[in-house]
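Per TrEMBL, domain 'CDCP1 first CUB' is recorded for 2-69. Annotation comment: TrEMBL describes 78-181, 413-498 as domain 'CDCP1 second and fifth CUB'. Feature annotation from TrEMBL assigns domain 'CDCP1 third and sixth CUB' to 187-290, 513-626. For 314-402, the entry in TrEMBL reads domain 'CDCP1 fourth CUB'. What TrEMBL records for 636-659 is transmembrane segment. What TrEMBL lists as region 'Disordered' is 734-811. Per TrEMBL, the feature compositional bias 'Basic and acidic residues' maps to 802-811.
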Amino acid sequence: AFTISLRKVDNTTVTIKQRPGVPSSCQIRIRSVLTPELKIKPGDNVTFTFTCSTPEKYFIMKIQKNIDCVSGPCPFGDVHLYPPGLPRLDRTYIWDVKASTKAGLELKFSTPWLRQIEPGGTCPDYVSYNINSCIDTATVNIGTFCRNGSVSRVKLLGGVIMSLHLPWDSPLATSGFNIANRASIKRLCIIESILERESSITLMSPNYPLGFPEDELMTWQFVVPSNMRASVFFHNYSLSNCERKEERVEYYIPGSFSNPEVFKLSDSQPANIAGSFNMSLQGCDQDAQNPGILRLLFQVIVQHPQLDENVTHLVDLSKERNMTVTIHVEGWPSHVPLMSEPICLICKDPRTCDRVLTLASGTVYRISFLCKDLSRLRITAEKGISCVDLQWCQKRIYSLSVPKTILQLPIRLHKFIWKLLAPDLINIEITSPSLKLQQHVPEQRCNTSYSYSIASATPETELNVGVFCPGGSIEKIQMRNNITISLKTFGKGFINESNHQDLKMSFVPHIKDECSFTVSPNPKAKVYLQTPNWPYGLPPYVSISWYVVVPSKQTARLGFSKDRMGIACETGRAYVNIKEETLGAEETVRREDELLPDPRNMYHNFWVNISNCKPVDRTQLTLQFWVTFADKQIDLGIVLAVVAGAGVLVAIGLTVCCVKKKKKKTQNPMVGVYNSDVNTQMPGKKALFTKGRQNNESHVYAVIDDAVVYGHLLKESNGSVTPEFDVYRPFEGPVGSLPPSPPPFSFRKDIKRSSNTGEEPPPLTDTDHDTYTFAHQKPGQLEDNGDANEKDKGDTSVPLLENKEQDGLVE
């Protein structure tokens, strides 16, 4: 049984009632009466029991004491927990103190003092205080607090309602505060916070987050050791709609030449303050129809002065355009929690410091750092480059390198972003003349101190072109639409490697594909290339091209990393096109439902084009291919034939030379043989070539070259004439510079028409095999000459020596 005895002079009421939301399975028994609720008033003496063994699960208790400091003496001193001997239930003590607005009250808290939390928050030990100020009939919630903090005193205008909530198993036996005195403060409240060591505290304006009372003034007093530095940061605030006056924050800082220092809530607040200071929040007269809400949540950081706080660093951005530089703590902006310990601060003047500082182009800054460990800081910069008039900007080449004024800071560069903006019909070309770029793929990972992430914004979705690093084989990338290039660093090696940056960009006329690569590999390298948006797949209807340069003395071998595209098309068709850039080259085309080409040798520069359809379901088009090089191999048979031919020609030359010398020495008379079939009369004078070749003698030679006489020397031992061998000569005429195209639209339309009408596509014929080759007219092919035409008409001329015998001329 429990007995509670209340004296009238204590003016205390105890109420025990059932816990809200808990089923009633336990009752209070007074003598033989069961009741769910018990209220004990001043002067009562009540003995009771519970009908269950765990009443703390079903009941809560409220103990309220009324104190009148207006008509009677105020009970200064410690406030006790009264009455004793209460049952172990969750209980709330409430002290309702009435006081005049001309004489406010001061509540003083014993160590370990209090820490303010947001309404609805929970304290670690479940012991919480709530302070409300009562001005006439209005009640203002000053705040909710836990133990173990820095708030040592609260002065309030008028009366106060102080609440202490204790859990049923709390060992706390004292209230932890006292009523110190009465003093007129002429403002809503004053909260004192004592910061004895490096720490961070969070405070809120009264009635947070519902709104600070209209046209009110309150003050926070911060007691800071003279050898420490304090900085103020506003994290969450909103403004009301003012009709008169202006909402502001005022600081009284010892040693300041302009006390009070007035700031807007949107300003950067004072930092690096030496010693104690006051901060006040002033409201305004609000619009009656639309008052708005004035509220503020802020932090105060206290830390030791830094050894290098007076060291300044010059950041000259006066010659830069459209660029911002942000210095921030690691993890910004995705993860910036409220500061729980001293942190790194960046200052653009001795009193303007923050965790994040943004510097704009066109200005010179002198910055300093309040930070023990600068390795926690990072730099993120962004620069915009745009083109409006192609005739003007096409002549310019922009260098995409990090300015040296940024690299000279003792902070690691995290990311530098270039936003390249191009209007319609103007595209962007990225080059790396000396270093060239390597695409980061699983088989060929980047191993440098920095990399470039390139993304192109298409009308439907963002195309992530890929991650690239220096030291590869890609010398040029052309893309449509706007582009974002992000340089990201890894480790400290970028400072040394940054001197060799050579990434450049320019604006070029409209290109055909969404993205086009020019690849000039090292002859000894194996190059891996993969489609953009890896591993999520190309967007629908996007076409990508690669132009691969093959060295003149090399043969390239092209192969794909898998045997099929791995997609099914809902609309349209997906294609892989391969074509060498040489006269009369055939184009190899594969559809998404066919096997990709086997590894093949390429003897000239060639194009690889990949065009996507609209895939079915969630299937995506992702392709990777590789290119290797080898020295060109000369056929041994050709070499022997060329050497043999050269030897024969030398022998013929020597023989002819000897015969001519012999003729000169002998001078033998000509020998004639009579032939009755030959006309011996002198022919008359006739017109030149009046007969056709079949019946004139224009093809009969009067002189036979000695080399022809000895033509039998050119015969091989087997009696056959030595075949002619052509020698490869690189094509030196004009060739096209455009990538290969997918099959004609008529071919696609036929397929699309059948799909739209619901008809089945026609079955594959004998011509629908794996490889589709499209014959192109050879632009350099000559028409047949006249001799050929005569031959077509029936010229059956016998070999030359036989013609001579018919004409009776035999030597």
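Cβ coordinates come from backbone N, Cα and C, glycine included.
Computed from a predicted structure; not experimentally measured.
It is 2-69 that, among the stretches 2-69, 187-290, 314-402, 413-498, 513-626, forms the most Cβ pairs under 8 Å with the domain 'CDCP1 second and fifth CUB' (78-181). Note on the domain 'CDCP1 first CUB' (2-69): mean pLDDT across this stretch is 92. Break the domain 'CDCP1 third and sixth CUB' (187-290) down by DSSP state and the numbers are 0 helix, 52 strand, 52 coil.
Residue counts for the domain 'CDCP1 third and sixth CUB' (513-626) under DSSP, split into helix (H, G, I), strand (E, B) and coil, are 0 helix, 50 strand, 64 coil.
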